[in-house]
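To keep things clear, I will list the structure first and then write my remarks on it.
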Amino acid sequence: MLVDYLQRGVVAGAIAGLLYGVYMAVVANPLIEYMETVSHHAGEHDHGHAADPAHAHAVSEATTEVVSVGSGVLWGIFLGGLFALTFYFLEPALPGTERVSAYVLAGAGFLTVSVTPWLVLPPATPGAEQSLGPNPRLVIYAGLMVLGAVVAATAILGYERTTARTGSRYYGLVVAGAPVVATVAIVPTLTPTITTAGAMPAELVTTFRGLTVLSQAAVWAIVAGSFSWLTDHVESTDGTAALEDDHPVAA
Amino acid sequence: MTVTNDTVHDRIETARTDLTPMQLAAILVFAAAIGFTLLFLQEPIAHDAMHNFRHGAGITCH
C-alpha cells in the first residue's frame, strides 16, 4: 500500500518536475543569466565582485542550463516522493476529503520546505551578499523547516479541534490561519537580515522572488493535484494495479 | 484508495508488516540520493552546474 502511494507520488512528482523543468528552461535560466550580467556589471564599478573566484563558473553556461533543467525535474520527483510517503502516514490525521487533504499536505509542505526558511533566508538573487557562510545558513534553514512543520501541524490541529468543538468550518479556518499569519508577520521582524541583494535593481529582485515563490507553490499544487488525479484514475480502472497495467509489454 | 477509516498508527503498522527491508532500504536510499545531490553536494563542478536551479528554487548556498 505504501508502495502504491510512493508510485503515485513519484509519477505526480515527475509531472510537476517536468513542468518545473520547462519553467527552468523558458523563464528561470534566461532570467538568472540576465541577472548575473547585471550583477557582474554592477560589480565592476563596485568592488570587483566579478573577479571573485568563488563566483567564477567551473562549467559552461550550456551545461548549467541543461543540468539546472534536469535538477528541476529531479526536484519534482523528490518532493513528489516525500509528499507521498508523508501522505501515506498522515492521511488519517489530515482534515477534509481525500482531495482536500492532499492539498492541505502540499500547503504544509510548501510552508515547511520553502516559506518558513525564506522568512529569514529569502531566495537569493544572483550576486546577492550573504552575511553568514553556507554552513550556518544550512543549520538556520533546517531549524526554520522544523519551525515550519510545527506551525503547519499547529494550524491543522487547531482547525480540527475548533471544528469539532464549534461545528463551524469558518472558525476552524480562522484558528488554522492564525499561527501561519503570525509566523509570516513576526519572524522576519525578529531576525537580522542575512541576505542582501547587492546592486540589483529592487524591481528585479521583487520579480525574481515573486517568481520563485509562485513557481515553488505551483510545484506543490501540481504534485497534490496529479496525486489526487492518479488516485482517482487508479480507483476508476482496476483496483490498485492500474499503474502496473499501463506497461503490459514490459519484461 | 483502500481503507479510509484507519489511523496514523494503523498506517505505520501496515507499512511495517507489508514492506520488506529491501523495499524500505530502496525507498530511503533513493530519497537520500536525490536529496544529497540537489541540496548538499558541494563538489564545485556539480554544484556550479545546478547554479540556476538553486537560484530558481530559492535554495542557494553561495
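Backbone N, Cα and C atoms are what each Cβ position is placed from, and that goes for glycine too.
Residues annotated as transmembrane segment in TrEMBL: A:12-32 (among others).
As annotated by TrEMBL, transmembrane segment applies to A:72-90 (among others). Long-range contacts of the transmembrane segment (A:72-90) within the same chain: residues 1-2, 5-21, 23-24, 28, 101-102, 105-106, 109, 113, 219-220, 222-224, 226-227, each at least 6 residues beyond the stretch ends and with a Cβ under 8 Å from a Cβ of the stretch.
Annotation comment: TrEMBL describes A:102-120 (among others) as transmembrane segment.
Among residues of the same chain six or more beyond the transmembrane segment (A:140-159), those with a C-beta under 8 A of the stretch's C-beta atoms are 93-95, 104, 107-108, 111-113, 115-117, 119-121, 132, 172-173, 175-180, 183, 187, 194. Annotated transmembrane segment per TrEMBL: A:140-159 (among others), in sequence order.
Non-local neighbours of the transmembrane segment (A:171-191) in the same chain are 95, 111, 115-116, 119-120, 147-148, 151-152, 154-156, 158-163; each lies 6+ residues outside the stretch with a CB under 8 Å from one of its CB atoms. Annotated transmembrane segment per TrEMBL: A:171-191 (among others), in sequence order.
What TrEMBL records for A:211-230 (among others) is transmembrane segment.
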